[in-house]
Amino acid sequence: MFVNNISLQHYRNYDQLQLNAFGDVNLIIGRNAQGKTNLMEALFVLALTKSHRTSKDRELIAFEQPSAHIAAEVEKKYGMLKLELSVSQQGKKAKVNGLEQRKLSDFIGSLNVVMFAPEDLEIVKGTPGVRRRFLDMEIGQVAPSYLYHLQQYQKVLVQRNNLLKQLWGKEASQQAMLDIWNSQLAEHGVKIVKKRKQFIKKLQKWAEGIHQGITNGLEELSLHYVPSFADAEEEDEAVLFERFMIKLSQMKEQEIRRGMTLAGPHRDDLAFYINGKEVQTYGSQGQQRTTALSLKLAEIELIQEEIGEYPVLLLDDVLSELDPYRQTQLIETFQSKVQTFITATGIETLNTDKLKGASIFHVHDGQVGS
Ligand code: ATP
Ligand code: MG
């Protein structure tokens, strides 16, 4: 797919912006704090209705303004889509070709993006929560039903945790309500876990080869789901359901004591191994960075495989961190297949001939010139 243009209104430090004539490769050049990441983020938000760097929508709206607006025309295999998203205190509204979407999950996936930014290193180095967020965002992009189950699961989880807190010190006869929440939790939890396992398997297939390419065949990367119930490999829904219910009943006393749900997809994790050793614990800085890069590049191929079209690639502040050889390799891999947006503080930090002919946009204090 291909983004033809974008317009922003009251989005972060952009008051009004209309950018046309994007090319296959777009360089967004500007000094620190001028609005490069904000522009990339706007594309990301248009794709996923959420930011990659904050969960607080209020931050997306320019200071002193009531709402922010993003619009873009996206060329897809089967025609052009005009996408519009408004963010205000009251919530978000999305339109496709002028038609308001009843649910945001109907809108997500109209545009697909893969963003690679320095903080993605946290997917490898950070807490399990970062990895769950990565899984949820990426799976949600290609499977809207996943988002539905995730939302339902989170609702049930809150209710169940409230009940657990109330049950402390109460008679066992008052625990009947817990059984109802257990089966609802398991019903949605199983769908989430199954989808995550399938996604990780597919991602592994691409990431392994890409990582071998980057490391000249020296490193074998593998991805593993770390479950809080049932075996990592188990995908049968009925078996998963049963295992989840058993786990919940085993943990009941402990859960009531602590007032929270201790097993389920909200406690699961994803682990990376290079040549059999866990990257988070044993990997060097370079190996951790390469792992994150391989993951992101694998996602591009996976989205292509799932939806039949390549997503748009957003490289925020990462290309200039690579040596000239890797810069060239990265651009070469996706040139003429994937529309790419690249930010940098100066054109001289990009050391590859492959960027000749790219469209250049200079950002200065929320204004963009060619
Ligand atoms: P760097 O090279 O340091 O990464 P950048 O060009 O990517 O810089 P951005 O992250 O896009 O910079 O931020 C640009 C400016 O936007 C910052 O000065 C920030 O204070 C401002 N900003 C962030 N949120 C808002 C907002 N809601 N309203 C107005 N300005 C904002
Ligand atoms: Mg930035």
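Placement of Cβ uses the backbone N, Cα and C atoms for every residue, glycine included.
Feature annotations, courtesy of TrEMBL:
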DOMAIN    3-351  domain 'RecF/RecN/SMC N-terminal'
BINDING   G30, R31, N32, A33, Q34, G35, K36, T37  ATP binding site
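Non-local contacts of K36 (ATP binding site) by the CB criterion (under 8 A, 6+ apart in sequence, same chain) comprise I28, I29, G30, D316, D317, T343, V363. Compute the center of the Cβ atoms of G30, R31, N32, A33, Q34, G35, K36, T37, which mark the site for ATP; besides them, the chain residues with Cβ within 8 Å of that center are N38, T343, T345, V363. Looking only at the domain 'RecF/RecN/SMC N-terminal' (3-351), the predicted model's pLDDT averages out at 95.
The Cβ of G35 (ATP binding site) has 24 neighbouring Cβ atoms from other residues within 10 Å, across all protein chains displayed. Neighbour counts of Cβ atoms within 10 Å were compared across the binding-site residues N32, Q34, T37; the minimum falls on N32. Proximity of the binding-site residues (R31, N32, A33) to ligand 1: a Cβ under 6 Å from the molecule is found for N32, A33. Proximity to ligand 2 at the level of Cβ atoms, with a cut-off under 6 angstroms, picks out none of the binding-site residues G30, R31, N32, A33. Within 10 Å of the Cβ of A33 (ATP binding site) there are 10 other Cβ atoms, across all protein chains. Other Cβ atoms within 10 Å of the Cβ of R31 (ATP binding site) number 12 in total over all chains.
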